[in-house]
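To keep things clear, I will list the structure first and then write my remarks on it.
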Amino acid sequence: MAEEKVLEVKNLHVNFHTYAGDVKAIRNVSFDLEKGQTLAIVGESGSGKSVTTKTLMGLNAKNAEIPEGELLFKGRNLLDLKEEEWQKIRGNEISMIFQDPMTSLDPTMRIGKQIAEPLLKHNKGMSKADAMKRALELMQQVGIPDAEVHINDYPHQWSGGMRQRAVIAIALAADPEILIADEPTTALDVTIQAQIMHMMAELQERINSSIVFITHDLGVVAGFAHKVAVMYAGEIVEYGTVEEIFYNPQHPYTWGLLDSMPTVDSSVDRLVSIPGTPPDLLNPPKGDAFAARNKFALAIDFEEEPPYFEVSPTHFAKTWLLDPRAPKVTPSDNILARWKRWEELKGDK
């Protein structure tokens, strides 16, 4: 049975006009988001992750241009909406959790009132008393202890982890169908990160919302996401289920991300990094954007952009290494071990 799609992104392109020229920040990005599922978008800084999510919220800067693409939500192309139409959807049907809770909260407003604010905005008949009652319930749902005592606190009185819980409560206030989380745990320590991720998974199951989770850290999404899109230089270079990306990765950039992840049982003395820097998107390179950093690059990588090769019906990668004519290459021992584990997983099914 096919999953219900709540969002379809098709051939999205986003440019930014600058004095130096047009920055081609997003190039031909497509993906689907299914009901109750989590899609993780992973990549280095500057890969286009945050621009993608801001486009989904209609929050790009004024110098942004979208020359091509569709964002289909409930049969409507969000790119056709006027700002007043966006305001009915933003924070209501589609909500966002931002990276830094301190800059997301108004330091001069009590936290309970900030949580109640979107309720009053999107429910015109709701009284302030009912909104505050619901705000208290939301604070309890996101695990804020003694919520009734702290509902009138100001943001500076709370720790970073508690502030992030408040931001999540605000995002969940209207029971959104889609929740976009832009690196929501980056500013938190590892223990609090795990608590926030666990809480978000529980809340998702309870309200059956769909999540787009942005991160630069593949390790964060291992036990949380259903599907993963790996972004590089404004493009999705690999897309698959979380198991396919972790245990059967096919793109050299994905290999590099996985090799740079620390693991508890690793015998490696030092972490591996991906050499070089991402390309200048004012003038994207000819061919494969990752070619200059790819030690497995073929001659064709510098001349012709690769298509998406199908690895499975749910798994695609944009690399010439998957062309039947390409030579076989040997990635790191880490990737070979993952491939071996993939064969074992397939055998268990």
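Every residue gets a Cβ built from N, Cα and C, even glycine.
According to Swiss-Prot, the feature domain 'ABC transporter' maps to 7-258, an assignment based on sequence analysis.
Look at Swiss-Prot and you will find Gly43, Glu44, Ser45, Gly46, Ser47, Gly48, Lys49, Ser50 tagged as ATP binding site, backed by sequence analysis. Take the CB of Ser47 (ATP binding site) and look out to 10 A: across all protein chains shown you find 25 other CB atoms.
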CB within-chain contacts under 8 A for Gly43 (ATP binding site), separation at least 6: Lys49, His216, Val230, Met231, Tyr232, Leu257
Under 8 Å by Cβ from Ser45 (ATP binding site), counting only residues of that chain that are 6 or more apart: His216
Protein Cβ atoms within 10 Å of Gly48 (ATP binding site), excluding its own: 26
Neighbouring C-beta atoms (10 Å sphere around the C-beta of Lys49 (ATP binding site)): 25
